[in-house]
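Straight from TrEMBL, the features:
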- 12-30: transmembrane segment (TRANSMEM)
- 42-61: transmembrane segment (TRANSMEM)
- 82-103: transmembrane segment (TRANSMEM)
- 109-128: transmembrane segment (TRANSMEM)
- 140-162: transmembrane segment (TRANSMEM)
- 174-195: transmembrane segment (TRANSMEM)
- 216-234: transmembrane segment (TRANSMEM)
- 246-271: transmembrane segment (TRANSMEM)
- 292-317: transmembrane segment (TRANSMEM)
Amino acid sequence: MSDSLGVLDRYLTLWIALAMLLGVGLGRFAPGFVDVLNAVQFHGTSIPIAVGLFVMIFPIMAEIEYDRIPRVTRTARREIGLTLAFNWLVAPFVMYGLATLFLGGYPGYITGLVLVGIAPCIAMVLVWNELASGNQELCAVCVGVNSLLQIALFVPYAFLFLTVLRGTSVDVSISLVATMVGVFLGLPLLLGFAVQRTAFRTVGRRAYYERVIPRISPFGLLGLLFTVVVMFALKGDYIVSNPGEIALIAAPLLIFFVGLWALAYGTSALLGFDYTESISVAFTASSNNFELAIAVAVAVFGIASDVALATVVGPLIEVPVMLALVRVALATKDSLFPDTEVTGVAYTD
């Protein structure tokens with residue numbers, strides 16, 4: 001992430017807080033604006049959110065050094081293996097346990113959180129990794145592998161946790177999962193790669209990273225802020241009217257995000273991974289694909305269901321929590337990884 005963003009990146013915590021407040025205010029006092037946001041959807045996801053996610057992810061995809069990915073794949077097998085173990089062998093079971101413990105009397109909410117827990121993040125995790133100066137290429141490899149595994153495993157995992165363990169009939173098509181992965185990861189990846197390769201041929205690699213990337217990078221944070229405003233606007237009225245239910249759903253989510261992140265971060269450090277690798281593992285292990293979870297919840301249970309509500313609350317909690325964990329990562333870097341130089345965003349209060 002370029003250091004030239006100045007006020008935008010250095011006070012990102014403040015801007016995120018203001019974006020959340022603006023979104024809640026719009027959702028509460030401007031119902032016409034919310035109607036416009038909801039007017040056009042893609043598999044249950046508001047098109048403005050999809051646009052915001054694309055704008056947010058594209059700069060990262062354009063900056064990744066793709067020629068380093070084969071080497072990372074060969075040399076970082078332990079890091080990739082640990083990440084996948086957290087994503088597919090730990091996270092789903094932890095989420096199921098927390099949801100059952102906290103939401104025993106709310107089967108719809110449990111189902112919603114299970115859908116969140118079995119879908120590792122393939123989009124926003126790239127932003128958190130970038131902000132915390134994680135290893136971009138390692139994160140990209142993990143996201144790519146998770147995308148393929150998600151297409152193969154999401155339906156069997158949904159059957160295991162919801163049908164076998166809870167007796168809930170869930171009819172999810174693999175084509176829906178593949179479509180969501182293609183739209184929210186594939187499109188920005190293809191465009192970012194195409195822009196990078198074209199620029200390499202026209203202006204050269206060095207000029208691209210020194211002149212072009214600093215101009216593209218600000219759009220990532222602007223896309224993040226826009227996405228936050230839209231997400232909180234869509235549920236602003238509900239947040240104000242039903243704080244108790246939001247808090248009920250938020251409790252297991254908060255424990256899940258913080259607990260998984262801390263466990264993955266600590267395990268990575270104990271295994272001797274460097275800071276950038278540990279950060280990539282931690283954020284990939286603890287972030288979730290809310291776009292897919294929402295799409296499945298809406299398609300199977302309906303947009304007004306408790307299941308859909310629980311999946312929507314997921315990103316409302318995940319965004320501020322992950323931003324806080326970015327700060328924790330940067331604050332603990334020197335004590336846990338004294339030999340690591342971090343060149344990412346430097347936050348101030």
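Glycine residues also receive a Cβ, built from the backbone N, Cα and C atoms like all the rest.
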TODO: Using a Cβ cut-off of under 8 Å, list the residues of the same chain at least 6 residues beyond the transmembrane segment (216-234) that approach it.
DONE: 1-2, 5, 8-9, 12, 15-16, 19-20, 22-24, 26-27, 30, 33-34, 37-38, 46, 48-49, 51-60, 62-63, 127, 130, 312, 315-316, 319
Open item on the list: Pairs of Cβ atoms less than 8 Å apart decide it: which stretch in 42-61, 140-162, 246-271 has the most with the transmembrane segment (109-128)?
Closed with: 140-162
Open item on the list: Give the nonlocal contacts of the transmembrane segment (174-195) in its own chain as ranges (CB under 8 Å, at least six residues past its ends).
Closed with: 42-43, 50, 53-54, 57-64, 66, 122-123, 143, 147, 150-151, 154-155, 289, 291-292, 295-296, 299
Open item on the list: Short question: most Cβ pairs under 8 Å with the transmembrane segment (140-162), which of 12-30, 42-61, 82-103, 246-271, 292-317?
Closed with: 82-103
Task: Tertiary contacts of the transmembrane segment (42-61), as residues 6+ beyond its ends and Cβ separation under 8 Å - done: 123-124, 126-127, 130, 136, 176, 179-180, 183-185, 187-189, 191-193, 213, 216-224, 226-227, 230-231, 234, 291, 294-295, 297-299, 303, 308
TODO: Give residue numbers and ranges for long-range contacts of the transmembrane segment (246-271): same chain, 6 or more residues beyond its ends, CB-CB under 8 A.
DONE: 78-79, 82-83, 86, 90-91, 94-95, 98-99, 101-103, 106, 109, 112-113, 116-117, 238-239, 277-279, 281-283, 285-287, 309-310, 313-314, 316-318, 321-322, 325, 329, 336-337
TODO: Would you mind listing the long-range same-chain contacts of the transmembrane segment (292-317), meaning Cβ under 8 Å and 6+ residues beyond its ends?
DONE: 43-45, 106-113, 115-116, 119, 124, 150, 154, 158, 170-172, 176-177, 180-181, 184, 231-232, 234-235, 238-239, 245-246, 249-250, 253-254, 257
